Structures are given as structure tokens and as C-alpha cells.
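Read the structure below first, then the notes.
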Amino acid sequence: MDPGPGLAALQAWAAKSPAYGAANQTVVDKVPPDMMHMIDPHWYQFPPMNPLWHALLGFTIGVLGFVSISGNGMVIYIFMSTKSLKTPSNLLVVNLAFSDFLMMCAMSPAMVVNCYYETWVWGPFACELYACAGSLFGCASIWTMTMIAFDRYNVIVKGIAAKPMTSNGALLRILGIWVFSLAWTLLPFFGWNRYVPEGNMTACGTDYLSKSWVSRSYILIYSVFVYFLPLLLIIYSYFFIVQAVAAHEKAMREQAKKMNVASLRSSEAANTSAECKLAKVALMTISLWFMAWTPYLVINYTGVFESAPISPLATIWGSLFAKANAVYNPIVYGISHPKYQAALYAKFPSLQCQSAPEDAGSVASGTTAVSEEKPAA
């Protein structure tokens with residue numbers, strides 16, 4: 001049976017590497033000599049990966065990079081060029097898109113080239129910069145999402161008593177996010193852990209296989225401040241957000257029964273509904289972020305505690321899921337943000353395949369308007 005040109009091409013790719021399937025060959029054989037000092041002895045026990053995995057990873061990362069760079073670039077352009085979207089709350093959305101945009105600009109092209117050569121080809125210092133960039137932008141993304149959750153908590157739970165976030169307040173939060181993220185990601189350059197090639201040899205990350213507990217402590221403490229603490233803060237925010245929304249809806253239904261009407265919805269209630277919609281969007285985005293980064297955390301903890309063997313193939317999935325995070329945010333906000341859609345279709349009519357959403361259904365801009373009308377505390 002003829003395998004077809006596509007399968008034949010993949011088989012030819014797999015056959016071109018004499019190392020794959022050969023005896024006494026390891027996954028580190030193609031690593032350049034100037035990087036051998038960075039390779040942990042753990043990886044010498046594994047044979048070369050099937051070139052098909054490198055091809056699949058390179059293709060997937062290339063697609064994710066294209067979608068993320070174009071999608072996040074579009075989000076940044078639309079939000080910054082549309083007057084009605086230039087609100088304090090949306091500055092956090094822009095910062096999130098900016099972080100994801102830079103992540104894929106820094107990581108996707110380099111990894112595609114590495115997958116073609118089936119090893120890291122950019123040298124030791126570029127490996128460290130690559131890993132530092134992934135850590136920096138990942139940290140910035142999760143803390144930006146945490147600030148978005150706090151903003152929703154302030155508007156929805158505290159209501160009219162809340163002090164609205166100003167542009168200066170949003171910019172100060174963004175500055176704090178980047179300073180905090182940069183501080184954590186620079187520490188490995190000063191001896192607390194280090195950045196090394198991962199098991200697939202096409203990406204770089206933190207050294208979670210080190211036997212030194214000083215080095216291991218970086219992984220553990222970093223995960224507390226960049227994974228578990230934001231998670232707890234976000235859960236706290238959304239617990240009270242859901243509680244407040246449920247109480248509001250219950251009060252509305254009870255009042256409607258007393259007045260013998262179907263609904264008490266008014267323009268003010270519509271604004272509250274918009275707040276609830278944005279809370280759902282943010283919660284979805286955050287859930288996708290944790291789905292993306294949890295596999296990488298599990299791999300790091302598995303290495304630190306030596307609870308199970310880690311294969312080069314397993315490290316591929318950690319890299320893939322982590323980078324997929326940069327694709328989720330523009331999709332989520334583009335689908336569920338009517339005012340963003342309206343601005344997008346106005347600037348790029350060719351993208352419109354259905355009638356433009358009504359501007360009155362705005363989510364993010366509507367919530368900001370509610371906030372800005374409140375008196376300062």
C-alpha cells in the first residue's frame with residue numbers, strides 16, 4: 001500500500017539520522033562541545049529521540065508561535081488604538097498580551113531551528129537567555145492575571161464602596177510585576193540554580209536534576225511565589241466574586257417575586273451583568289494558564305524529589321503545554337469581548353464573517369466605566 005507523499009517525507013526525515021536506533025548512541029550526542037558542561041548525567045542513559053518527535057514539536061511550536069504573535073499583536077494594536085478601550089483595567093489586558101507576544105517572539109523561532117537540527121545550536125549563553133525569557137514572561141503573565149482578578153474583586157465584591165483603579169495605579173502594578181519577575185529570573189545567573197538544556201536538547205530551562213539542595217531550593221521557593229501563591233490569591237478573589245454574584249442574583253429574584261415582574265434588569269443591572277461576564281472570561285483565561293504550566297511544574301518537582309524517571313520525550317510535553325499558554329489569551333478575549341470585536345472588524349473588515357457585535361454589549365470597557373463613575377474613597 002502506497003504510504004502517500006506526506007508519510008513518505010516523514011519516514012525520510014526519520015531515516016536521515018544515523019544515530020536514531022543505533023547502538024551505544026545517546027540523546028546528547030548531537031549537543032555542541034561548548035555546551036557539554038551544562039548537560040546533567042541523567043540524560044546520558046537515553047537513546048536519541050525519534051526524529052519524528054522533533055519534526056512534530058518544531059511544526060507545532062511554529063504554528064503556536066505564528067498564532068500567538070499575530071493574535072497578541074492584534075490585541076495590543078486594537079486596545080492601544082481604540083479610544084474607548086484605553087481604560088485602566090484594559091492596561092492589564094495589554095500587559096498580558098505584551099508578555100505573551102514577547103515570549104513567543106523570543107522562544108518560537110529559536111526552538112523551530114533547534115528541532116530541525118535535533119539539538120540546541122545557539123550556544124551556552126543563548127540557552128541561558130532562552131530559559132530566562134521563558135521564566136520572565138511566564139511569571140509576568142501569571143501575576144498580570146492575578147492583578148486582573150484583584151481588579152474584578154474590587155469592582156464586583158466591594159461595589160460602590162471600592163476605590164476605582166486609575167491609570168497610574170495600573171501602570172504601578174505593571175511596573176511591580178516586571179520588577180518582581182525580573183528579580184526571580186536573574187537569580188540563576190548569580191549561582192542560585194542555573195539554566196541548562198532540557199532532556200529533548202532543543203529547549204532550555206531551570207536545572208531541576210541538581211543534587212544540591214541549595215539549587216533545589218530555588219525551584220521550590222520560586223514555585224511558591226510564581227505558582228502556588230498566585231493560585232491561592234486568584235481562588236480567594238473568585239470565591240468572593242462568585243459569592244457576591246450569587247447573592248446579588250438571589251436578591252434580584254426575590255425582589256422580582258415581590259413585585260410580580262419577570263425581571264428587574266435595568267441599565268445598572270446590565271452593567272453588573274457585564275462585570276460577571278468579564279469575571280468568567282478572566283477565570284477561563286487563568287484556568288487555561290494553569291493547565292498550560294502545571295505539566296512543567298510536575299516535571300520540575302519530579303526531578304527535584306526524584307519521584308519518577310524523566311525521559312527526554314516527557315520534557316517535550318512540558319515545553320509544548322507551557323508555550324501554548326501564549327495562544328489562549330487573544331482567543332479568549334477576542335471571542336468574548338464584544339467591543340474588541342467591533343474595533344477589530346472596523347479596522348479589518350475582511351475578518352468579519354458575521355454581523356458585528358453591538359457595542360452596548362461591551363465587557364471590559366463597560367466595567368471600567370462603572371469603576372470610573374464611583375467617587376474616590
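Just so you know, glycine gets a Cβ as well, placed from its N, Cα and C.
Between ASN24, ASN271, the residue that has N-linked glycosylation site written against it in Swiss-Prot is ASN24. Topology check against Swiss-Prot: LYS86 and HIS337 carry an identical topological domain name and occupy the same side of the membrane. Of the listed cysteines CYS105, CYS139, CYS204, Swiss-Prot assigns the disulfide bond with CYS127 to CYS204. Between ASN200, ASN300, the residue that has N-linked glycosylation site written against it in Swiss-Prot is ASN200. Shown in sequence order, TRP120, CYS127, GLU128, TYR130, ALA131, TYR195, VAL196, PRO197, GLU198 are the residues of the chain, 6+ apart in sequence, with a C-beta less than 8 angstroms from the C-beta of CYS204 (disulfide bond). With a cut-off of 8 Å between Cβ atoms, the residues of this chain six or more beyond the transmembrane segment (93-113) that come close are 57-58, 61-62, 64-66, 68-69, 72-73, 75-76, 79-80, 121-122, 126, 130, 133-134, 137-138, 140-141, 144-145, 148, 174, 177, 202-203, 319, 323, 325-327, 329-330, 333, 364. With DSSP classes pooled into helix, strand and coil, the tally for the topological domain 'Extracellular' (302-312) is 5 helix, 0 strand, 6 coil. In terms of DSSP secondary structure, the topological domain 'Extracellular' (114-129) contains 10 helix, 0 strand, 6 coil. In the structure as shown, the Cβ atom of CYS127 (disulfide bond) sits within 10 Å of 22 other Cβ atoms.
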